[in-house]
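Engineer: Below: one structure in structure tokens.
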């Protein structure tokens with residue numbers, strides 16, 4: 001065995017290790033245990049070649065995939081697809097271009113080969129097409145049950161989609177956009193004549209279908225309804241007063257203070273007819289003709305009601321309100337729809353405003369008792 005020079009490895013080993021290399025007692029202890037003793041020279045440490053080396057570990061196939069040898073075996077066992085005409089032509093052409101341009105990258109060579117193949121005419125491609133057909137027939141004979149299996153399987157990405165029926169708690173998704181509720185829909189229809197909102201109101205605990213959907217909501221939860229519209233649509237909002245009392249409680253919001261005061265003091269029939277058709281009885285800005293208002297006695301009709309004053313004396317006016325008033329908080333009588341205010345068109349209501357206010361207060365009390373019983377039940 002060839003020995004290393006005396007100064008080999010002296011600078012690599014720490015001083016403590018060099019001092020312990022020739023310490024006495026190590027060989028004696030080894031002889032007492034029956035182990036072979038190697039003579040270590042104090043001047044020449046053990047060479048790295050004399051140390052035992054463990055064999056190289058191959059990566060585990062189950063944990064790290066195939067090793068180098070196993071990968072080669074798998075590639076040899078895998079049946080390759082037959083080459084097409086371009087592959088047959090590019091097999092030799094790639095070698096020629098690589099020898100001419102050794103500095104070019106393989107991707108650049110592939111682009112050059114693709115351009116050169118497209119520039120060839122049919123006569124120049126024919127021999128390669130025939131060779132590719134021969135290889136295909138030979139491959140079919142050698143492997144009759146061959147089925148192409150790509151190496152990498154394309155994994156379809158799973159896109160999580162939120163189903164339209166699933167909504168977060170506290171959120172209401174209207175089935176129609178807010179534009180469907182605007183005044184430009186074609187006619188002044190009431191809320192119940194608009195397209196239905198689907199099953200969004202099923203969980204709001206509505207007691208009866210006759211009630212307005214807004215009654216089951218809190219004042220702050222009606223945000224999905226359209227915002228205040230243009231001034232020309234104020235008449236339509238006043239017509240829908242029982243379904244949106246917060247918009248039509250004060251007529252000055254739409255018409256201004258002078259006109260609102262005139263509406264409060266004017267006879268009931270004329271302003272209500274004006275509210276139905278538009279401001280001051282003029283037709284609204286709708287392209288389609290409006291349906292006529294409910295039949296009601298005009299100012300001349302009040303004179304015809306005088307002979308029937310004895311009939312109105314036996315009628316309880318609050319009985320009509322508990323069926324016709326559909327809101328919890330009853331708005332002013334000037335903003336009620338035509339058929340609701342019509343129940344109070346009598347000689348007493350028109351002649352005695354104090355009695356009318358008393359009847360209105362009694363009507364509010366009866367309505368509160370009626371709807372509190374409905375909600376609690």
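Here the Cβ of each residue, glycine as well, is placed from N, Cα and C on the backbone.
Sharing the feature lines straight out of Swiss-Prot:
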type     : residues : note
REGION   : 1-76     : region 'Disordered'
COMPBIAS : 21-34    : compositional bias 'Low complexity'
COMPBIAS : 41-52    : compositional bias 'Low complexity'
DNA_BIND : 79-147   : DNA-binding region
REGION   : 81-94    : region 'Interaction with DNA'
REGION   : 105-117  : region 'Interaction with DNA'
REGION   : 160-225  : region 'Important for transcriptional activation'
DOMAIN   : 256-376  : domain 'Sox C-terminal'
Engineer: Tell me the residue counts in helix, strand and coil for the region 'Interaction with DNA' (81-94), as DSSP assigns them.
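Structural biologist: For that range the per-state counts are 10 helix, 0 strand, 4 coil.
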Engineer: For the region 'Interaction with DNA' (105-117), could you work out the same-chain residues 6 or more beyond its ends whose Cβ comes under 8 Å from its Cβ atoms?
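Structural biologist: Long-range Cβ neighbours of the region 'Interaction with DNA' (105-117): 86, 89-90, 93-94, 97-98, 125.
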Engineer: Under an 8 Å Cβ to Cβ limit, what residues of the same chain, 6 or more beyond the ends of the region 'Interaction with DNA' (81-94), are close to it?
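Structural biologist: Beyond its ends, the region 'Interaction with DNA' (81-94) has Cβ neighbours at 109, 113, 116-117, 120, 125, 128-129, 131-132, 135-136, 138-139, 148.
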Engineer: Tell me the residue counts in helix, strand and coil for the region 'Interaction with DNA' (105-117), as DSSP assigns them.
Structural biologist: 12 helix, 0 strand, 1 coil
Engineer: Pop the mean pLDDT for the region 'Interaction with DNA' (105-117) in here, whole number is fine.
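Structural biologist: Across the residues of the region 'Interaction with DNA' (105-117) the model's pLDDT averages 94 on the 0 to 100 scale.
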